[in-house]
Amino acid sequence: MSSSPVNVKKLKVSELKEELKKRRLSDKGLKADLMDRLQAALDNEAGGRPAMEPGNGSLDLGGDAAGRSGAGLEQEAAAGAEDDEEEEGIAALDGDQMELGEENGAAGAADAGAMEEEEAASEDENGDDQGFQEGEDELGDEEEGAGDENGHGEQQSQPPAAAQQASQQRGPGKEAAGKSSGPTSLFAVTVAPPGARQGQQQAGGDGKTEQKAGDKKRGVKRPREDHGRGYFEYIEENKYSRAKSPQPPVEEEDEHFDDTVVCLDTYNCDLHFKISRDRLSASSLTMESFAFLWAGGRASYGVSKGKVCFEMKVTEKIPVRHLYTKDIDIHEVRIGWSLTTSGMLLGEEEFSYGYSLKGIKTCNCETEDYGEKFDENDVITCFANFETDEVELSYAKNGQDLGVAFKISKEVLADRPLFPHVLCHNCAVEFNFGQKEKPYFPIPEDCTFIQNVPLEDRVRGPKGPEEKKDCEVVMMIGLPGAGKTTWVTKHAAENPGKYNILGTNTIMDKMMVAGFKKQMADTGKLNTLLQRAPQCLGKFIEIAARKKRNFILDQTNVSAAAQRRKMCLFAGFQRKAVVVCPKDEDYKQRTQKKAEVEGKDLPEHAVLKMKGNFTLPEVAECFDEITYVELQKEEAQKLLEQYKEESKKALPPEKKQNTGSKKSNKNKSGKNQFNRGGGHRGRGGFNMRGGNFRGGAPGNRGGYNRRGNMPQRGGGGGSGGIGYPYPRGPVFPGRGGYSNRGNYNRGGMPNRGNYNQNFRGRGNNRGYKNQSQGYNQWQQGQFWGQKPWSQHYHQGYY
């Protein structure tokens with residue numbers, strides 16, 4: 001047994017970081033890395049024992065439950081015999097879970113890939129922000145290394161010689177780093193010396209090594225930075241096979257609006273640009289991953305003559321606590337003018353002119369200092385003067401003229417109208433196009449608000465379809481790299497202004513606005529946006545189905561489930577499918593060429609799985625029209641049969657849902673909404689791990705029932721049963737009194753936890769004024785599995 005004062009296995013991420021900070025060590029990295037680093041430091045303090053020596057408190061996944069339960073009990077000796085008894089019960093339960101995972105520990109590369117997909121999908125569904133949340137600064141190994149190079153951490157690691165010696169002692173059979181196919185628990189990832197892990201990644205290329213049959217060691221969790229955009233698209237695609245078919249969204253109410261009024265145009269704006277009912281104020285959506293996106297919109301009318309103006313006020317910088325804020329500007333506004341044919345990213349194209357909150361003017365991605373910075377409650381007046389030799393665009397801040405920002409040749413502009421345009425990043429704005437009786441600040445006498453320009457001198461922006469039956473949605477179907485985006489680009493160019501393209505590329509464009517892209521690259525988080533883009537895209541599709549526009553869904557959409565569930569949202573649209581299925585030789589050439597240019601971003605097992613799931617659409621199901629771009633239906637069907645056979649031979653058989661270890665756990669512990677369970681001992685309460693069945697009689701621990709409301713802990717005698725109401729402890733004395741343990745309330749009477757109890761640690765005082773653990777659980781997002789500030793998209797919100 002270890003004499004280490006800290007049991008690394010039982011620490012949460014925040015506690016691991018705290019211990020590392022006390023020792024002035026780097027607190028960056030995955031949980032396995034933090035455990036590795038802390039254990040090495042503890043061993044060094046205790047006498048320099050190797051970090052991976054069995055029995056020293058490191059993550060030894062072998063052995064029995066009793067061996068694991070004994071580790072780390074010395075620090076709790078002062079808590080009394082009753083505390084030790086409870087800790088043994090917890091450790092024994094953890095031992096059952098770990099042993100259960102070890103039964104399925106040996107897996108091939110394909111199994112490892114499948115497990116990794118499940119972990120990634122689970123993290124996405126639980127709101128994992130990949131290091132972008134305050135207090136959850138778990139960056140990848142790449143950024144951690146960068147921090148160490150800059151002197152921000154003194155990561156202790158084994159020297160190469162020591163790592164090699166430890167590797168030899170463990171034996172070749174235990175050096176495998178593939179992922180286990182067993183159930184993921186708190187101890188699902190094991191540790192390896194940092195030096196050994198780096199050597200494995202260098203030798204293996206993709207960070208994986210082949211496992212031998214019977215190997216019980218679990219692998220190191222592969223950093224997310226190893227994956228490209230295609231991988232996360234594939235993960236999102238797989239979610240549709242597990243999701244229920246959604247109900248068609250409620251159609252937006254038709255609002256009768258005076259079309260002669262100059263206002264923000266609900267058709268000429270981004271889908272995530274939330275416009276108020278009076279159409280004079282707006283903001284960008286900020287819930288979940290939308291906080292990464294910039295949102296823009298134009299006014300309904302433009303001008304090409306005279307001297308006109310409008311006012312814009314920054315009403316709020318919307319708090320986005322779930323977004324990583326260090327060294328990144330998360331609030332920004334650009335205001336100016338653009339052509340109706342320009343994109344919504346103001347300042348990123350030709351004839352798109354913007355003035356930034358940072359005191360910068362931008363056109364065609366070229367930036368230059370201009371004027372001064374502005375902030376909340378500042379009012380910017382935008383002027384356009386068409387009466388001079390060149391068209392002049394200028395600004396004023398709170399009534400103070402800032403001078404001419406842009407000059408445009410009239411010959412180049414060719415009498416095309418300019419429209420008021422705004423681009424927001426986590427900000428809210430409001431406009432005065434002339435509807436106010438009195439402007440925010442006085443304007444020159446020779447200047448006119450755009451609303452007051454005669455209707456015949458104004459130009460109306462493009463209008464969308466009047467009815468849903470006139471709207472069109474085109475779903476692209478094909479393997480990654482088959483040529484879908486190429487077809488979409490060509491088709492959109494042939495029909496300018498008609499389609500809104502929904503694809504990962506377009507989402508990334510709205511994340512990669514000029515300076516923001518550079519900031520993300522400088523902070524080492526650029527690759528994380530690749531994961532966020534597919535997640536945003538799913539929400540975009542839900543919003544799009546409620547808008548009267550024409551859309552192209554530029555995704556793989558190879559599975560029948562994805563096709564059906566997405567098209568079900570667009571009930572009432574003209575639903576079309578475009579299948580891009582080239583010959584196998586052509587497809588291999590295209591993917592090879594793409595890999596040479598962009599790098600290989602999709603694992604081979606993922607491509608094989610998509611080939612096996614590829615299903616051609618049918619007109620009778622959810623499409624009104626199907627177009628085959630290359631191979632026609634008969635030839636494509638033959639090729640798909642070949643792909644399915646190839647996939648079947650290369651991949652292991654898939655496990656059916658709701659089977660395996662999870663099912664056995666459910667049978668043993670009654671896993672349901674009232675009892676989370678775990679092994680033979682019922683350990684859950686009402687959606688919590690504090691449990692109302694832990695071997696004792698119902699109603700004595702956790703859940704709605706208070707632990708101290710009866711004069712007994714669990715009855716008389718015994719030390720825990722197997723779900724039967726046998727007593728666990730003596731009938732008396734009473735152990736909780738008026739204070740309860742794991743009760744429904746968070747405040748009020750002194751209690752041990754809160755409504756959502758999910759912790760193993762214990763406070764300084766058991767049963768009296770120990771609310772810190774419950775509060776920490778709220779902070780760490782255990783309440784309903786989400787961050788307390790996470791905003792989930794729903795139809796009533798937007």
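For all residues, glycine too, the Cβ spot is worked out from N, Cα and C.
The N-acetylserine annotation in Swiss-Prot covers SER2 and rests on similarity to another entry.
Taken from Swiss-Prot, the feature domain 'SAP' applies to 8-42, supported by similarity to another entry.
Swiss-Prot lists SER180 with the feature ADP-ribosylserine.
The annotation compositional bias 'Basic and acidic residues' is assigned in Swiss-Prot to 207-229 (among others).
Summarising the annotation, Swiss-Prot assigns domain 'B30.2/SPRY' to 242-438 and lists sequence analysis as the type of evidence.
Per Swiss-Prot, the feature phosphothreonine maps to THR260 (among others); the stated evidence is similarity to another entry. DSSP assigns THR260 (phosphothreonine) to coil, not to a helix or a strand. For THR260 (phosphothreonine), the count of additional Cβ atoms within 10 Å of its Cβ stands at 11 [all protein chains shown].
Secondary structure at LYS484 (ATP binding site), taken from DSSP and collapsed to helix, strand or coil, is helix. According to Swiss-Prot, the ATP binding site annotation covers GLY478, LEU479, PRO480, GLY481, ALA482, GLY483, LYS484, THR485, on the basis of sequence analysis.
Residue environment of THR506 (phosphothreonine) contains 18 other Cβ atoms, counted within 10 Å of its Cβ in all protein chains. Taken from Swiss-Prot, the feature phosphothreonine applies to THR506 (among others).
Positions annotated as phosphothreonine by Swiss-Prot, on the basis of similarity to another entry: THR556 (among others).
Residues or ranges marked as compositional bias 'Basic and acidic residues' in Swiss-Prot: 645-657 (among others).
Around the Cβ of GLY481 (ATP binding site), a 10 Å sphere holds 23 further Cβ atoms from the protein chains shown. The Cα atom of GLY483 (ATP binding site) lies nearest to that of THR556, taking the modified residues THR260, THR506, THR556 as the candidates. Apart from GLY478, LEU479, PRO480, GLY481, ALA482, GLY483, LYS484, THR485, the ATP site neighbourhood in this chain, defined by C-beta within 8 angstroms of the site C-beta centre, holds MET476, THR556, VAL580, ARG590. When Cα-Cα distances from LEU479 (ATP binding site) are compared across the modified residues THR260, THR506, THR556, the shortest belongs to THR556.
DSSP assigns THR506 (phosphothreonine) to a helix in the three-state reduction.
In terms of local Cβ density within 10 Å, THR556 ranks first among the recorded positions THR485, THR556.
Taking each Cβ in turn and tallying the other Cβ atoms within 10 Å, the top scorer among the binding-site residues GLY478, GLY483 is GLY478.
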